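Enquirer: Not my notes, these are from Swiss-Prot:
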ACT_SITE  199  active site, nucleophile
BINDING   85, 88, 105, 114  Zn(2+) 3 binding site
MOD_RES   28  phosphoserine
MOD_RES   29  phosphoserine
MOD_RES   508  phosphoserine
MOD_RES   526  phosphoserine
REGION    1-28  region 'Disordered'
REGION    1-62  region 'Interaction with ERCC1'
REGION    418-443  region 'Disordered'
REGION    479-533  region 'Disordered'
ZN_FING   36-153  zinc finger
């Protein structure tokens, strides 16, 4: 008798239906990497029927919605969540839409199943019968073949489909405009081809393409031999210097070409291959075409462009002085180079558009001395407050802080929070040793603040420079050393900078040598991104370093470091030379002045009255209110007050003959973050991705964001480009939305096509106040367009405001 092989005993159907059990994340629907083997694939897919259907119909448009021709606010309403039936080629809106035409199509009575559909934006395959997502790797080849065909067809037919959709919009628009006596405007929006999981890049670039101030300023520097006039500070008593700039760097040139090409909307979707390849040379982490984080991409891009521009300005200043060296330059030349360089590096277009400033104010409760730290930011990361029921605190813990909060309630207005009291136990338990050491380091930095210090922003010690940068730094160092004492050197060498790379993440190629830090980090927030390494940043984290009163040293700080950070790597045109630099080699982007004249009553004053939140409110204003609320530094977070320590030491010396050194005096303190310089373009980042213990999760709660945002309640009274009592208004013009889960999602953009603000453009390009800027432009409302890679759709304003925003782009209008 023949015995069967036990490995072949199971029927083939049972083998296919078996799939691994993987725990689901609470916010993720795509944790199963291997996918599902579906038994309906054989009967629910017809390649010939699909090819015939898509040739006869519009691409990525719900045919039923198109038949209904529904208009809202004069615009054709068409959803971007389109699913295609792989049996007959029917295209319908998804189950999350109002009409649910795709689901209705499946439920219609038929002899053959129409249960397998594919999303034409994210390319997710779904089976209604199995109620599961399918994978092309675990099913028959026909599934992979039809997906490949549809993706190729999408890149070819996107332009014609959009033009036919726009004709329907224009027909309706022309009818309405004839009745109103107006004209219909052409939309200056162009789709961007997806190179392979590059939706995170496309969404950001759509918003930058609608940043009109960026294109205006780039037009000034696009050509070689461009003249730049540098005005030194009045203290230097030097005449303005006109320098001739060389050609822009390769990434800057690629960015200019890309933004210029985005205006040519009649040519169809644009391939960003040239710009993306240039960025990958600077940041190799993007080479693998994996899903990345849009905020991180934005930081890398602006950081790299700014580095090229500052090097360009630096080289032009050295050329104006016949390229001096440390041996040939005299003291007078060094002083001039520093004076012109200090103002010259600030004239790059990235700083003029995107950079703002945060001021952290710390006040000792005992001696009432105040210290400030000024920190530049490229965006502000705002935590999203979730609706969770908090556990009741023990009476002992309640009473511990009640007296202080009650006694100080009448003295200081505004929301007061106690730092590091309600941290989840899970987060404490699973935090890495590096996170703990970083937290200890940050606390020590905060405690080292005192009233007698001026503190400024310090950056990475390992800086990459080319030949001109090294020569520039050498000139600065040789001059600074003449005025530095050995004590100053020892203090500066004791300063350490922060690394944003988590211990669990693996740095890529050239990034492993020097990790990311630099100016263009978020002003707060966990930089946790989906499908990428984790970059946890604590709220309001600042870097501190002591600054002496030497004017030469301050100038050296302003010019020495023209290489922002080591994130920009892989550039073969520059020498890779990383040196540990002391404080005189670090860039002081904005002049940080210690506020000695502040009284305790005025230390935390804002431009206007504090914003009043409502119950259960979740909006940009409430997030900003939470971000700028006052904190109490107490318990383990007490401030090491050097002024109190100094007074105690003095008292001991007067009352005792012993010369024993007094231990540091720790006191309760108040701390608050406020905006002290507002940028022309404000970028807000909503922290939707979090690490809870060992798991990752996404916060899907909707955050309300206004079309017009008043930033005055969150600005300090000493805000550099605003006055007390004035409004600081910003208009919304761009949104980056993330849909999906932590492990698999899709980035899209909402952009507002509008008339450029003439007053704002003149104000930003000329760097001076323009008469009439006090009054907001009386502009037209503009038109919102939803862009998903190459797919474009005109949407009503209400649709844009209902988006699950991840990044928000605001431009200043008042």
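Note: Cβ is positioned from N, Cα and C throughout, glycine not excepted.
Keep in mind that this is a model prediction, so the values were computed, not measured.
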Enquirer: According to DSSP, collapsed to three classes, what secondary structure does residue 88 (Zn(2+) 3 binding site) have?
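Expert: Assignment for residue 88 (Zn(2+) 3 binding site) reads coil.
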Enquirer: If you run through the zinc finger (36-153) with DSSP, how many residues end up as helix, strand and coil?
Expert: 40 helix, 22 strand, 56 coil
Enquirer: Could you tell me the C-alpha distance between residue 199 (active site, nucleophile) and residue 88 (Zn(2+) 3 binding site) in angstrom, no decimals?
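Expert: Each residue's Cα considered, residue 199 (active site, nucleophile) and residue 88 (Zn(2+) 3 binding site) end up 28 Å apart.
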Enquirer: If you take the centroid of the Cβ atoms of 85, 88, 105, 114, the listed Zn(2+) 3 site, which other residues of that chain have their Cβ within 8 Å of it?
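Expert: Here the nearby residues are 86, 87, 89, 90, 92, 106, 117.
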Enquirer: In sequence order, what residues of the same chain, 6+ apart, have a Cβ less than 8 Å from the Cβ of residue 88 (Zn(2+) 3 binding site)?
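Expert: For residue 88 (Zn(2+) 3 binding site), the qualifying residues are 46, 49, 50, 53, 114.
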Enquirer: I'd like the Cβ neighbour count for the residue listed as 'active site, nucleophile', meaning other Cβ atoms within 10 Å of its Cβ, all protein chains included.
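Expert: Within a 10 Å radius of the Cβ of the residue listed as 'active site, nucleophile' lie 25 other Cβ atoms.
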Enquirer: On the 0 to 100 scale, where does the mean pLDDT of the zinc finger (36-153) fall?
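Expert: Summarising the zinc finger (36-153) by its mean pLDDT gives 81.
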Enquirer: Return the residues near residue 105 (Zn(2+) 3 binding site) by Cβ distance under 8 Å, restricted to its own chain and a separation of at least 6 in sequence.
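Expert: Sequence-distant Cβ neighbours: 85, 90, 92, 114.
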